[in-house]
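If you check Swiss-Prot, you get these features:
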- 45, 194: substrate binding site (BINDING)
- 121, 167: ATP binding site (BINDING)
C-alpha cells in the first residue's frame, strides 16, 4: 500500500465533504464536531431514538461511541446501526472502556452481535474484552497489558467479520488477511481528552469515501498522526491547551505532500 495512494484519500474526503453521523459521548462532542469540520467533513450529532434511523440512513458513515454510556443511548445506537445496515451505510464502533465494568462490557459485546460493523477501533484492552480475550483494563483509557496486539486485532477482525483497528504507540489495522502498522502520532495526544474518540469519527469520514476499509483506516491514522506530529512541533513547551488548538489547525492544513513526507505505514502481511 503506497503512501501516495493513502494520502490521496485525504483529498477525497475534503472534496466530498461526507456527512458523518455521530452518536458519541458528552465529554467529546464539541471537540469531535470541530475536528471533523477542520478536516473537511460534515458532522451531525443526533441522539434521539425518534430520528436516528432517518439520520443514519442519509449519512456517509455512522459512528457509535459508548464513552458516557446510558441505556437510552444504547437503544439509539441499535436503532441507528440497524437502519444504517439496511441502507448500506458503513458503521464504526468505538467500545470505550470495554472491560472496565460488567455493564459496559455487555454492551460492547452486544452491539457487534446486533449490527454489522465496517470497523471497530479501540485500544488493545478494549478490543480484547469485546471478543472475550483476557486483557486487564483500568479505567476507560487503559491500553497496556500483556498480550499480542496484532493477534488480538486479527482475532477480532475474523470473529466480528470487520476491519479491526488497535491504537497505541503503534497502530494496527487488519481485516484478518491484510495487516498494516502505522507509526505516526505523538504522546501529547494522550493529554487531550477526546483525541481517541475524534480519531474514530475521522475514520468514519474516510470510510465514507473509500470502500477499501483497510486503506481508509490506514489513511485516516496516517493523516491523524502526521497532524499530531506537526502540531506538537509547533507548540513545543506550550502544553496540551496550545497543542489542542494547533492540532485542529493541522487537521485543516495537513497536505498530501506532508503525508508523503512524514507518513509511516508498513504492510506486514
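Positions of Cβ are set from backbone N, Cα and C atoms, glycine also.
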List of residues, in chain order, with Cβ under 8 A from that of residue 194 (substrate binding site) and at least 6 apart: 27, 28, 31, 32
Intrachain C-beta neighbours of residue 121 (ATP binding site), sequence separation six or more, cut-off 8 angstroms: 92, 93, 94, 164, 165, 166, 167, 199, 200, 203, 217
Lowest local Cβ density among 45, 167, which the record lists as binding-site residues, within 10 Å: 45
Secondary-structure category, per DSSP, in which residue 167 (ATP binding site) falls: coil
